[in-house]
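This report refers to the structure that appears directly beneath it.
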């Protein structure tokens, strides 16, 4: 799950914000089950573009890095590269490959054994504009494959037993009485949908998979349950329903009289009426999905409504209607209760989310890359996955979260009210919270490919997920007069905390924010780790702004020349997005740094290499930095030439 928790606002197991002093406030955490102890292991490797080194000591020189392109397309090139790198591996091509706006082809593979997926093994190949392998990531299992094919003797438990095991072990609020539950086969090998349950937002599912764990493979049932605050993949031992090996959570704890884009919250400016704010090349119209024209806060990219009871249903929930598409409603900080300004809240949430969708589209998060749209207009990717936006959601307080299933399934944002002030405040009016949450959807779709939403499930990967979300929220709120001496908080207005919800402000001053890479040692909160990562990205942001300028931040639409943003602010965002698509599944800081440097190399020929390296090295992620989950090695070293 993804969200804001305070200091941790970003500390829930959802992609949520996180609160520094409060315990987890929703979902599984409410039931005293710590699913963070079930995280997937961090096993990925990333081979960057300027040092292609294969497995088993095999070195690829610049000339030998030319993959076989005789078959004519980037997917074949990637497939041949995998065959060359791991000639004995069994695998399948994941059907989510695409060529990004930066010209890089992204191809993803899943390892198999006896025709069964090894679910946490991934191989991603990035093909450059020249048709050659640019970089690749690998988490394939290199141990001995079990000799016995479990499908021959069907030596595994019934999927219904696995469902019961997940429910009982993790205390999932789903009722599945043995006499009522039936496992109905669906498309896919040993894949089932459970009928006769209650408590989940959709029918639970199960698929037989292997899981790479502790140096071996364990046959498991991957049980999927969406209960709102948690959308879980629980890997239950196929022969012992009481043993859960790992857990992934998809939830990562907007016409329009609104606070305009760039105004973070009511302390920074006034509401105004924005006319036709969408970018016509990115959104035909925010209220059209190709079949219908909705005179309400619904359209191709998002559907926004109130949800005061915190229920799972949303389509019939209240949302403002305007046959003339004039969404102007009263709001002031003094109004109370929140229900008295629900129309303004829903409209603000719909506006902020749609603008961010359009900005991200220009920067490369489009249909092929797995963005959130009902209709993909025949441009690739899977449609049917607008973002569900719940304003004033009654399932929690003092937080927010975003659930990110794979491409083709709608994402879901839950925005809560905050009660640390009188009257209480609505998180929909703090743009940074909305942007933070939506960015969880972006980072989960880009990392590991649109079809794989579990690639930020390891501790350090999940921490970077929180950091990317804070980074975008902060970069977007910059003002024309800001300099590298400007510091920013996160969640300050909603939480009513002058210093916000993070341990330190985001600052380039090491006295104000002393975070270093090695500070991640011993941390178990993704939100605390994320603050370190976002601090590094904030350094990079200002290095690029100092070199390229930040442009006129009052202009919403990014300006690109030959696919490259002309200002340093949007250039930083673009490089970060491209890096997400390059990096391996379950990356660590070092691998994500290398992917960002590779992204700039592909986008600009590496013209910003030193600015990027200086940002990371300043906070201990220089050339000599080494990842070790218990004792990281910091480095301030710069590469030659910088």
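Placed from the backbone N, Cα and C atoms, the Cβ positions cover glycine too.
The signal peptide annotation in Swiss-Prot covers 1-18. Feature annotation from Swiss-Prot assigns compositional bias 'Polar residues' to 49-60. Under the heading compositional bias 'Low complexity', Swiss-Prot lists 61-71. The N-linked glycosylation site annotation in Swiss-Prot covers 419, 509, 602 and is backed by sequence analysis. The Zn(2+) binding site annotation in Swiss-Prot covers 436, 440, and the record cites sequence analysis as its basis. The annotation active site is assigned in Swiss-Prot to 437.
Under a cutoff of 8 A between CB atoms, and with a sequence separation of 6+ in the same chain, the neighbours of residue 602 (N-linked glycosylation site) are 49, 102, 103, 104, 128, 129, 134, 578. Distances between the Cα of residue 509 (N-linked glycosylation site) and those of the recorded positions 436, 437, 440 are shortest for 436. Residue 419 (N-linked glycosylation site): 12 other CB atoms within 10 A of its CB, across all protein chains. When other Cβ atoms within 10 Å of the Cβ of residue 509 (N-linked glycosylation site) are tallied across all protein chains shown, the result is 12. Under the DSSP three-state reduction, residue 509 (N-linked glycosylation site) is assigned to coil, being neither helix nor strand. Between the CA atoms of residue 437 (active site) and residue 419 (N-linked glycosylation site) there is a gap of 19 Å, rounded to the nearest whole number.
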